[in-house]
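Annotated features in TrEMBL:
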TRANSMEM  45-64  transmembrane segment
DOMAIN    55-336  domain 'G-protein coupled receptors family 1 profile'
TRANSMEM  76-100  transmembrane segment
TRANSMEM  120-147  transmembrane segment
TRANSMEM  159-185  transmembrane segment
TRANSMEM  219-244  transmembrane segment
TRANSMEM  283-306  transmembrane segment
TRANSMEM  312-337  transmembrane segment
Amino acid sequence: MSTVLSSTTITTTSEDIVFSSSSLSPSFSVVATFGEYYAHIHGRIVFPLTIFGIITSIVTIVILNRKHFRTPTNLILQHIAFFDLIVLLSYNIFSLYFYILHKPKPFVGQSRFWPSFALVHSNVGLTAHSIALWLTCLLAIVRYFIVSRPSKSTLKSRTVVFLVWVCVVLICSLMIPNYLIWAVVKQPASTYYPEIYSLNSTATVYWFSNTTGTKLERIAFHISAIFLKILPVFILITFSLLLIHSIHNAQKIRQRLQQRTKKRRYSLSLGNFTRELRTTTMLVFITIFTVFVELPQGLLFIASAIEEKFFLLYSLLGDIWDISSIGSSFITFIMYCSMSQQFRLEMFTLILPRYCHHLFLPQKQTTNNCETTNITTRQNHNNNQPHTTEQENIIILSYSVSLKKIKSRKSYNVSINNNHNNDEKYDL
């Protein structure tokens, strides 16, 4: 995500883009015009999105940390939400200052702090986003082995944590060239803003400078394109297709078993299969969106190493890449809510007051219990007495109505407590 940001903010200025866009081909000029137009409204759009993404990431982390959600798959999803949260927090501050409070030339008259923050934001954001992308690949691999080899796959939480830290160390190692390339230096303002400052002006501006030369920059460029964009997308596509194939085969096997075994035994296995299918479907949607966002960036990265015009095109679309990557964080949250009933129930208990809990629980079971109690009470009265008086009927009716209200208020908490008392754990 912040790879784009490092390209637009650090290596190019707005004047360079405007000047160079006129020399592009007609198709590139259309993209340049759109990129320049969207840049003026990007800050107002992305700032509230980052706030929403921060809230959804925190909610996801808290819910997946519940005891009955602590599975290997959910542990990976929890770490993905954590690194997305880092990206969103950093981008929230960046967008507020550089897109809303100070635009379009944020470094004029500023101290060294905010340019340094932009540099740190770029590196931290790119690192966290890349870790989240590789953890998504790890999720696809883990799900494939769980579905294809259910009897042999015994993955523990400690193993998942170890694999997560392996991803973190590898990504940080690959990011070392990016950490070394850029530095904030003090330079004459006339160098970057000649239309405002003359050559004799003593005004200075803090700007980014390549302190290592173009060779290391190209190495970092190719590392970002191959290992942080193309390769993880290829892994996601491969294992998602294998996962779909495994689910399809498992569905055929269960259909055959349905004809040979009793319905009761089959219904028990059907619930597990439905959860596996839901998790797989969710992962496929995540894969499609990830491919849509990351693959074009990787291809433009490689093309930029060959032809500089492609790098200009990549820079012009930088804000588009940013907002699409930000959107991926809360789109996954929306899928969690739409495809996992347990996740929705936990979210209701977390964010809603207690008196609203009963509104989100189906009332069918509660109503049946009240009707049964009412009938049983009437039968007891009929057995003990020859007939019931009108006053007794009113007492019985009021008792059943009161019982219904009590059960409707407590049914949601009872449902959640039953889930907590069971040893069963839920994958999203």
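Count begins at 1; order follows the chain as displayed.
Every residue, even glycine, has its Cβ placed from backbone N, Cα and C.
Listed stretches 45-64, 76-100, 159-185, 219-244, 283-306 were compared with the transmembrane segment (312-337); the greatest number of C-beta pairs under 8 angstroms is found for 45-64. Only pairs six or more apart in sequence are counted, and the transmembrane segment (219-244) with the transmembrane segment (45-64) gives fewer than three Cβ pairs under 8 Å, not enough to call it a contact. Ranked by number of Cβ pairs under 8 Å to the transmembrane segment (283-306), the listed stretches 45-64, 76-100, 120-147, 159-185 are led by 120-147. Across the candidate stretches 76-100, 120-147, 159-185, the maximum count of CB pairs under 8 A to the transmembrane segment (45-64) is reached by 76-100.
On the 0 to 100 pLDDT scale, the domain 'G-protein coupled receptors family 1 profile' (55-336) averages 83 in this prediction.
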